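Participant: Pasting the feature list from TrEMBL:
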{"type": "ACT_SITE", "residues": "His99", "note": "active site"}
{"type": "ACT_SITE", "residues": "Asp102", "note": "active site"}
{"type": "BINDING", "residues": "Glu230, Glu266, Asp294, Asp337", "note": "Mg(2+) 1 binding site"}
{"type": "BINDING", "residues": "Glu266, His269, Asp305, Asp307", "note": "Mg(2+) 2 binding site"}
Amino acid sequence: MTYFSNISNIKYEGSNSTNPYAFKFYNPEEKVGGKTMEDYLRFSVAYWHTFTEDLSDPFGAGTAVRPWDHYDGMDRAKARVDAAFELFEKLDVPYFCFHDVDIAPEGSHLRESNQNIDTIVAMMKDYMKDSKTKLLWNTVNNFTHPRFVHGAGSSNNADVFAYAAAKVKKGLEIGKELGAENYVFWGGREGYETLLNTDMKRELDHLSKFYHMAVAYAKEIGFDAQFLIEPKPKEPTTHQYDFDVASGYAFLQRYGLQNHFKFNIEANHATLAGHTFEHELRYARVNNILGSVDANQGHQLLGWDTDEFPTDLYATTLAMYEIIKNGGLGRGGLNFDAKVRRGSFEPEDLVHAHIAGMDSFAVGLKVAQKLIDDQVLDNVIEERYSSFDEGIGKEIEDGTTDFHKLEEHALNLDGIQNQSGRLEYIKATINQYLLKAYAGA
Ligand SMILES: [Mn+2]
């Protein structure tokens with residue numbers, strides 16, 4: 001049984017191609033900055049949005065037409081695996097990601113849920129023997145089921161804490177079984193609605209114990225994946241403990257976990273936190289905690305997590321700028337945590353969406369590499385901070401001055417001269433690079 005039989009393997013045809021089923025900019029073998037695009041971008045398909053998502057919203061039923069949906073239960077779960085590996089091959093993607101409940105339905109008991117997972121994991125492992133597509137990361141869903149109403153690792157209910165831990169234990173085991181590069185924690189319910197019934201200190205203490213036990217168990221079974229925290233603010237709980245990278249990093253340092261985790265940064269979560277995508281990437285990069293990326297985008301007019309496929313070239317350029325400056329993503333990748341719009345309900349829309357996302361990041365990679373090669377922003381920034389290269393500035397950086405000397409310096413100043421930040425000029429220059437990138441100039 002095939003599910004995308006009308007679509008052949010997607011190839012790179014260049015920017016003049018009019019074939020809707022071809023890459024216009026993503027050329028896996030093309031080298032940028034000494035690495036192939038495939039090695040740099042490390043694209044990943046998100047199982048939940050592509051094979052499990054029905055495109056329902058709070059006001060309407062699912063619209064997705066999926067040829068595997070005429071099956072039920074475990075038969076549907078198995079059909080999704082067939083569809084997934086067919087699509088992975090047609091898109092030629094190196095990675096995929098999943099939550100436990102995306103791949104297998106929950107049973108009436110944890111034991112039955114685990115058996116369902118084992119069946120699907122065995123099927124995936126069999127496919128992966130012949131497939132180039134590997135597991136970028138897996139995670140467990142400790143947020144959808146009603147048992148997680150008050151949280152998982154931060155729940156007030158110790159039985160729920162134990163249940164959530166048992167699910168993560170299983171997640172770590174199957175991550176090892178499938179050779180996952182990373183393991184992700186997104187605390188969908190790790191937060192609170194109101195302080196009126198919440199012991200914040202106790203919840204944070206519990207959550208840290210949860211993470212420490214996960215680290216210990218991974219070590220025990222020899223699962224060497226990079227652990228990742230995925231920050232997100234104010235959805236679904238009013239106050240999420242992993243609000244953004246900075247608050248997540250403060251938590252990790254407070255509880256002695258900072259050497260065991262990096263961050264999985266999602267564009268739409270960044271914007272919901274009131275940051276740009278590149279802010280979150282930069283914060284992680286300068287602290288050496290950039291692990292992986294959920295490549296999507298939000299909608300500027302909507303205040304929730306729309307998880308759109310990334311098509312904003314300005315955003316992909318600035319994101320790739322950070323990723324190149326980071327020396328790549330290491331064991332991480334660009335995972336399309338993105339869903340087609342509710343009106344794009346046909347199976348081929350899944351293909352168009354991934355082509356759009358992959359091409360957008362390929363453009364971003366090329367433009368960002370050119371900006372770096374030409375030192376466009378480096379020169380601006382070097383000049384902007386040059387007062388710290390000599391004199392009193394250098395003494396500040398070297399730690400050889402103090403408030404007495406700084407006061408003396410200030411008292412002897414004959415006025416202060418600042419320089420323009422030249423923001424409009426810089427933006428115009430970036431536009432020039434974006435437009436020149438494919439004009440052959
Ligand atoms: Mn999202």
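Glycine is no exception: its Cβ is also placed from the backbone N, Cα and C atoms.
It should be emphasised that the depicted structure is a prediction, and the values quoted were computed from it without experimental measurement.
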Participant: Taking the centroid of the Cβ atoms of Glu230, Glu266, Asp294, Asp337 as the Mg(2+) 1 site, which other residues of that chain lie with their Cβ within 8 Å of it, listed in sequence order?
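Facilitator: Close Cβ neighbours, site residues excluded: Trp186, Lys232, Asn264, Ile265, Ala267, Asn268, His269, Val293, Asn296, Asn335.
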Participant: Just checking the recorded positions His99, Asp102, Glu230, Glu266, Asp337: which sit within 10 A of Asp307 (Mg(2+) 2 binding site), CA to CA?
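Facilitator: So the list is Glu266, Asp337.
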Participant: List, in sequence order, the same-chain residues at least six positions removed whose CB sits under 8 Å from that of Glu230 (Mg(2+) 1 binding site)?
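Facilitator: Set apart from Glu230 (Mg(2+) 1 binding site) by at least 6 residues yet with Cβ under 8 Å, we have Val184, Phe185, Trp186, Asp242, Phe263, Asn264, Ile265, Glu266, His269, Asp294.
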Participant: So of Asp305, Asp307, Asp337, which of the binding-site residues has the fewest other Cβ atoms within 10 Å around its own Cβ?
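Facilitator: It is Asp305 that, of the binding-site residues Asp305, Asp307, Asp337, has the fewest other Cβ atoms within 10 Å.
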Participant: Within the set His99, Asp102, Glu230, Asp305, which recorded positions show a CB-to-ligand 1 distance under 6 A?
Facilitator: Asp305
Participant: Can you count the other CB atoms that lie within 10 A of the CB of His269 (Mg(2+) 2 binding site)?
Facilitator: 30
Participant: Restricting to the chain of Asp102 (active site) and a gap of 6 or more, list residues whose Cβ falls under 8 Å of its Cβ, or answer none.
Facilitator: Tyr47, Trp48, Phe51, Thr52, Asn141
Participant: Which are the residues of the chain, Glu266, His269, Asp305, Asp307 excluded, whose CB is within 8 A of where the CB atoms of the Mg(2+) 2 site average out, their centroid?
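Facilitator: Surrounding the site, in chain order, are Lys232, Ala267, Asn268, Leu272, Asp294, Asn296, Gly298, Thr306, Asp337.
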Participant: If you count the C-beta atoms lying within 10 Å of each candidate's C-beta, which of the recorded positions His99, Glu266, Asp294 ends up with the smallest number?
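Facilitator: Counting other Cβ atoms within 10 Å of each of the recorded positions His99, Glu266, Asp294, the minimum falls on His99.
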Participant: List the Cα distance (Å, whole number) between Asp337 (Mg(2+) 1 binding site) and Asp305 (Mg(2+) 2 binding site).
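Facilitator: Rounded to the nearest whole number, the Cα-Cα distance is 11 Å.
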